[in-house]
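Trainee: Below are the structure tokens for one structure; questions will follow.
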Amino acid sequence: MDKILVVDDDLGIQKQLKWSFSGYEVIFAEDRTSAIAQLRRFEPKVVTLDLGLPPDPSNATEGLATLEEILALAPQTKVIVVTGNNDKKNALKAVNLGAYDFYQKPIDSDTIQILVSRAINLFNLELENRHLAEVAPSMDKIIGQSEGILAASRKAERIALTDISTLLLGESGTGKEVFARSIHEHSLRKDNAFVAINCASIPENLLESELFGYEKGAFTGASKTTPGKIETAQDGTLFLDEIGDMPIGLQAKMLRFLQERVIERVGGRTEIPVNIRVICATHRDIPAMVADQTFREDLFYRVGEISIIIPPLRERDNDVVLLAKTFLVQYNEEFKTKIKGFSDSAIKAMKQHKWPGNIRELQNKLKSAVIMAEGSHIQAEDLSLLLRDDGPIIDTLNLREVRELAESRAIRNAFLVAEHNMSKTAELLGVTRPTLYSLIEKYHLEDVKTGS
Ligand SMILES: Nc1ncnc2c1ncn2[C@@H]1O[C@H](COP(=O)(O)OP(=O)(O)OP(=O)(O)O)[C@@H](O)[C@H]1O
């Protein structure tokens, strides 16, 4: 029940208001001290405040001071000031100080009820907006509304302005690089370089010179002095992807760089100071690697001062649909296609699929679906996805709906296996062709009907 605090020293008015506000939990206070105490204790959404409060009920000083104190403590509170009949001056003064509205005595139950109800609505709306602002982090390139992705975005946003070493943990294709870039873009280093290097994709013997650079003549083929990735990230951010794949021999050199913030090029003897932020990522279980001594414990603590878990796509609720719709717009533009959306079967199949390759897999499947789709909507089979038969039966309305769902799925799957051949589909299902056609009609299986 919404709470209203009535601040008035007149017992008659207290009684009248209690009666007027029968749908609310009404709390009373008769002076400034008790009003503030009740405000702290009950956090009411609305306060009706008589400006003429003791010790000097004949003027508005105490009431206005109470108003100021309420708004300083809980600025979101909607305060309706109640004034004497001819006290418009103080009423306006109160509104100027931040009161939501004013009301002149004598009290009319209907009017004050409307005022209060509007104030509560506004309070709720503002509250909802504040919540939305909290959960919609400004990491705007990261698409997703699921709890896991919002939590990761919030954490990323919080650490963006610091230089703390961050370790992004997540399966391949979950968006670790997207996160690293977003952190960089929200940091004070945003106008400087963002340099990414994937430790797993560079042969072990080249990784050191790639990272640290080399001096002319350091090894055969080193015809000129070349700065490494670390140096090119000067004043910016270095993103070390797949840090778990860094050879153990190189880890010691990496640790020294992270601790002392100086590097030496391969074959060089000069120490070069570097000022960069380091973000690392891995899909590996680093603590397990530390346990079997394939990853240095001291390096693990150094790179992972804070870690952010990026959940796999299959654990992100409806994000898969949100992402698919966003990519569809992009791909329509890229491939000059006009696909309107997804069929129900495609949406279901996308939600069922486990996405071992995460967002990268979704992008690949969608790209080919956009290019290959024949109808106006992408179907499950355009995505090369099979609908499983084990849908959430408990979500269904009744046995008839369970049967319809199961039969629709079986028909679509058979249609897919039969490579869109109707006779073969009927054969696989053990029904005649006319029966198959009537089922397709009955269950409105447009995608099967049009063969798209
Ligand atoms: N939340 C997201 N919103 C929009 N696009 C995303 C999101 N997450 C990932 N992507 C896109 O998915 C693709 C894969 O993301 P990314 O390369 O960042 O993954 P990764 O975890 O670094 O992969 P790997 O570990 O294989 O390097 C990229 O094209 C990226 O733009």
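Just so it is clear, glycine is given a Cβ too, placed from its N, Cα and C backbone atoms.
TrEMBL feature annotations, pasted as is:
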type	residues	note
DOMAIN	3-120	domain 'Response regulatory'
MOD_RES	Asp50	4-aspartylphosphate
DOMAIN	142-371	domain 'Sigma-54 factor interaction'
Trainee: Give, as a single whole number between 0 and 100, the mean pLDDT over the domain 'Sigma-54 factor interaction' (142-371).
Mentor: 93
Trainee: With DSSP, how much of the domain 'Response regulatory' (3-120) is helix, how much strand and how much coil, in residues?
Mentor: 56 helix, 25 strand, 37 coil
Trainee: Can you count the other CB atoms that lie within 10 A of the CB of the residue listed as '4-aspartylphosphate'?
Mentor: 24
